[in-house]
Amino acid sequence: MGEKEAANSILKRFSDLDIRSILDEMISAVVDMAMIIIGSALTGATIGGGIGLLAGGIGAFPGATAGALVGVQAGTWILGVLGLASIAEFFTEGLKPIATGYIRGVSTAWNGPRERTGNPLSSFSDDSMAAQQGAWDIARSHEVVVILLLSAIVAYMTRGRGNARVLATEMRGSERGAKLGQWMLKHEEALKKHPDLQTAEPRRGALGPQEPPPNSPSGKDKEPHKGKPNTMPRHDVECFKADKMPASKVGEFERQLKGQEDGLNRLTVEEYLKNIASPVKRGATAAKNARKDLKATLQERFQRQFQKEMSPLDAEEAAMKEAEITMSSLAGLHNPDLAAGGKDIIADFGDRQVNSSIGPQWRPKIQNLKSAAEKVPDSLRDSTFLNVKLHKC
């Protein structure tokens, strides 16, 4: 129901742009992205708080939202799917708060009937509005993501470094983005003038007088990350090559690098050096359980979708096949890789080809990072966090 409501609202909002011709592809990509966000939220709530989001009720919501923010990083794969990696700087920051709408929708639909009294045995009662309200929250989130995508495209064309034809060429390499690229070229001027796609001011990252020049000698780029007072001096790891990646996967490559960077910076120097000295062995259990949970989530979502046009048994069979196909392209991600000092915890899922490209590139980079960490005095290593920066060549 969320998809239908979102589509109807978008058709009305952009009736002058003939958006119907590409709406199915956009909604499909957005819904797939939403499932990754919600799936990551469920995993994050379970790992972080020892309780599932749905079973935890509204009280589990703040912790689940933190898990969702991890899921939002996973959600940026939509840029790769649509061949829109070039608009990342105008899209990813705006995507983060949208996760709240998705999680609110799921939580409302599931927990609405239960939030009555403090007695769990007598608090359950039927609430016909809960599912409807939850679906509305999800539909609204779908709509906002579509608007954000179109706004980011406009920002890229008007304030970014590219133009519509360059972007359309990149999108042509994506099966799901090629049609959107041609539609964008046809409606370029109308998109630029549409009132719903204008932003009041440049996003952080757009060039402006408040930003230092890229080669500023101020030395600020060497400062520790803010928010972690006890960090080692920043170490920039040698760049990771993505030259063999198709353009449609560059955004996913950068997302996975950021996940590994964040994972490293959550380790103390002591933890990191210990892990490097005795690398954790990859176990089958963690990966198997994480894949099982995500597959179940995807299968349930596909089954609900297919039941609109199939019998329950046919929908179940089709959902199982679709979930298998989706999972075959995903790899469980260790943030960071085990060879780079990570723990055997599946923190996320991502494109298998990208993950296989990043992993082997760690080998020649570890020694310099290890040497930088060893400069921290022994007495401070258990209270000093890593401070590393990973980037694409």
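Cβ coordinates come from backbone N, Cα and C, glycine included.
Listed features, source TrEMBL:
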COMPBIAS  192-204  compositional bias 'Basic and acidic residues'
DOMAIN    3-188  domain 'NAD(+)--protein-arginine ADP-ribosyltransferase Tre1-like N-terminal'
DOMAIN    249-390  domain 'Novel toxin 15'
REGION    192-235  region 'Disordered'
TRANSMEM  33-54  transmembrane segment
TRANSMEM  66-88  transmembrane segment
Average the per-residue pLDDT over the domain 'NAD(+)--protein-arginine ADP-ribosyltransferase Tre1-like N-terminal' (3-188) and send me the rounded value.
70
Could you put numbers on the helix, strand and coil content of the domain 'Novel toxin 15' (249-390), residue by residue per DSSP?
93 helix, 12 strand, 37 coil
